[in-house]
């Protein structure tokens, strides 16, 4: 049963939740991942195929998914309803992310100088799509669409094959809808290695995005710096702020929709109403019994789940900002009234008819969101993650002359004489 | 003497330069850094003070720089000329970075739904300013200004104390100009630990920016994920593309201004003119003899320096994009003619009177730039690095109803029944 605690009586509840964070040591996983990365770097495809056999239980002849496999998935192997729903999701995700597109700018206000900022897509990116217990076509769309909009030239998808050597049809159909045609059957740390170093058949990329298990996460962290990554995703979380007007059945359903993801997922309700708290607690038990993924959801709810009772909504906002949840639902009468108090959250769901699954699939904003409190410093995945900027500086002789002495003053103060000289030499009589 | 090579005869020159990258293993440093981080986490200020004694050779009574120390630095301990130059640099950096500021947006095109993206500053950030052989007030300005413009509430600066227990006056003066008043005397991995975990006197932050040595870099990489970091900065580089119209003396000076930074710095000239190549080679030797930091610059030039002769400017642009240099100078007659070919570079300096030191100090764009080829996927430091985004989603009942079946289709395909249920329950008759 989900625990009900009072924030007033026990301010430490917040510390307890906040300290429930990951550590920076995983010696075992670390060693395994280093070994895998080295092997991929040295042996390329051969190593990839061996890991397929070892970890995925399948001996493949070819790593790349064929055009035929992709087409069959889209046209034959998923229902028309699902295909249409994925097409609609794609349309709405695209519409939203197009608004994130940015332009280069230049400043020509002073006639003899120009400064500016160029925006260019990252040329080659990789998308990791997890396999295993479930297959998530929505992940394909959420990662591929912003990359496409940014203008990335090469988008490489990797995903582990099943024991039958195939990739689930809904994954391939989503890839086709998103316009991804280079897909390779490789998962785990070995997929990250292949995308980082390149193999005979898998191209190397400059950035890898997409969620994965602890091996994928550690491998991403290890190659980070040489190439870029999106983020180290932790277990999923929802925090719901509810006043007494909220519907307890909806709240229970929403808390459970988070909990079913993962035993380590976190569902927290913060409410001003003790009555509501008790109703939600009871309702969770009822709804749990109807869920196929009951065991996962129950473990999550019992271990990480909390209902926190607060005196007023501002305390609830304070707690939300400290926890910085991945998903924040504002189940209050006038959600826009308190939006200004919210500083740290991945995605904010406003009011009774904006439950988290709406954002997971269809509303348009990305569902790849900062977890484990990282919304304090990071953002939903978006077009920004697939572009990079370059500064431009153009000065003519007179413009440089005006700043000559100031540049030399600072360079000299920093002990960098060759810097000073690079300016001086341009104004010497020769 | 700098090596001259022909790209036509030896295309491998590019691989040679590209393979000159860092590895992901530094076992020795790794161990030392883990030890330091643990110690800081467990022992706070006590550990910091011990490391000050061990690494900086000074026994401090207090870690925080006082207001008096800052004021004395600004008013008394730097020259009026330097103060004015730093004030001007600050003004120009501020003007440029203000153009990077972004607004939240919302989309209210469909009357019964709202989606949008909120921009909020990262509340607490740390700036690492290196000490040691030289002190760089420009680094203070380049890191602090975008954080200030983003609206970060708490900006904490850390920098190692000298043997006399003091921070150089030009650093403190720059901090005062930038409006930074919380400065702590701590450097190395211990500074990164203190900012990550917090100590009794040093507040923890959500993001750390600023350059540092290998210990600082490893510590940043290790805490990355729990908090954010800017980038893992490598040695500095310049690549200059020059046609026959370029001035060989300016080119030599610019290559040396890069080389004096660091023995591992890289200076590359790519030119269509063999005659120019030879003149620059000779001129470098002449100018080297006049440099106080000759030994550093000479080692860099001899080891990493290259003059590459190409057939035409497009080959030069191709090489530049593959190397993705931190600094790119276009020393050609019409630099804007080739700008469109440049895809990967940190900052691009256009024409004869825009040498790199102009950008290092005064032009306005940031001098914290992606190194070691990371301009393929990352950007100059800027206001974007100090903000984060949150999505907002508001749907009313009718809007959700329209998408109901599509959400349920995808959720079911992903095996996430509680997700489907969170939608269904809102349309049940109860």
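Each Cβ is built from the backbone N, Cα and C atoms, and glycine gets one as well.
According to TrEMBL:
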- B:326: active site, proton acceptor (ACT_SITE)
- B:327: active site, proton acceptor (ACT_SITE)
- B:128, B:190, B:213: NAD(+) binding site (BINDING)
- B:236, B:258, B:261, B:327, B:360, B:414, B:419: substrate binding site (BINDING)
- B:258, B:261, B:360, B:419: Zn(2+) binding site (BINDING)
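Recorded features from TrEMBL, shown on the structure.
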{"residue": "B:190", "record": "NAD(+) binding site", "DSSP (3 states)": "helix"}
{"residue": "B:213", "record": "NAD(+) binding site", "DSSP (3 states)": "coil"}
{"residue": "B:236", "record": "substrate binding site", "DSSP (3 states)": "coil"}
{"residue": "B:258", "record": "substrate binding site", "DSSP (3 states)": "helix"}
{"residue": "B:326", "record": "active site, proton acceptor", "DSSP (3 states)": "coil"}
{"residue": "B:360", "record": "substrate binding site", "DSSP (3 states)": "helix"}
{"residue": "B:414", "record": "substrate binding site", "DSSP (3 states)": "coil"}
{"residue": "B:419", "record": "substrate binding site", "DSSP (3 states)": "helix"}
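Measuring Cα to Cα from residue B:236 (substrate binding site), the recorded positions that fall within 10 Å are B:326, B:327, out of B:128, B:190, B:213, B:326, B:327. Of the listed recorded positions, namely B:326, B:360, B:414, the sparsest CB environment within 10 A is found at B:414.
Taking a C-beta cut-off of under 8 Å and a sequence gap of six or more, residue B:128 (NAD(+) binding site) has these contacts in its own chain: B:158, B:159, B:187, B:191, B:192, B:195, B:208, B:209, B:210, B:211, B:212, B:216. Recorded residues residue B:360 (substrate binding site) and residue B:327 (active site, proton acceptor) have their alpha carbons 10 Å apart, per Cα-Cα distance. Proximity to chain A, taken as a Cβ less than 8 Å from one of its Cβ atoms, holds for B:360, B:419 among the recorded positions B:190, B:236, B:326, B:360, B:419.
When the recorded positions B:261, B:327, B:419 are compared by the number of other CB atoms within 10 angstroms of each CB, B:261 has the fewest. Here the binding-site residues are B:190, B:213, B:236, B:258; the one with the fewest Cβ atoms within 10 Å of its Cβ is B:213. In space, B:326 is the closest of the recorded positions B:190, B:213, B:326 to residue B:258 (substrate binding site), judged by Cα positions.
The NAD(+) site, placed at the center of the C-beta atoms of B:128, B:190, B:213, has further neighbours from the same chain whose C-beta lies within 8 angstroms: B:130, B:158, B:160, B:187, B:188, B:189, B:191, B:192, B:212, B:215, B:216, B:219. Between the C-alpha atoms of residue B:414 (substrate binding site) and residue B:327 (active site, proton acceptor), the distance comes to 47 Å. According to its DSSP assignment, residue B:128 (NAD(+) binding site) is in a strand.
Looking only at the recorded positions B:261, B:326, B:327, the one with its C-alpha closest to residue B:190 (NAD(+) binding site) is B:261.
Rounded to a whole number, the C-alpha distance linking residue B:327 (active site, proton acceptor) with residue B:261 (substrate binding site) is 13 angstrom. Residue B:261 (substrate binding site) and residue B:326 (active site, proton acceptor) are 13 Å apart (CA-CA, integer value). The separation of residue B:213 (NAD(+) binding site) from residue B:419 (substrate binding site), Cα to Cα, is 48 Å.
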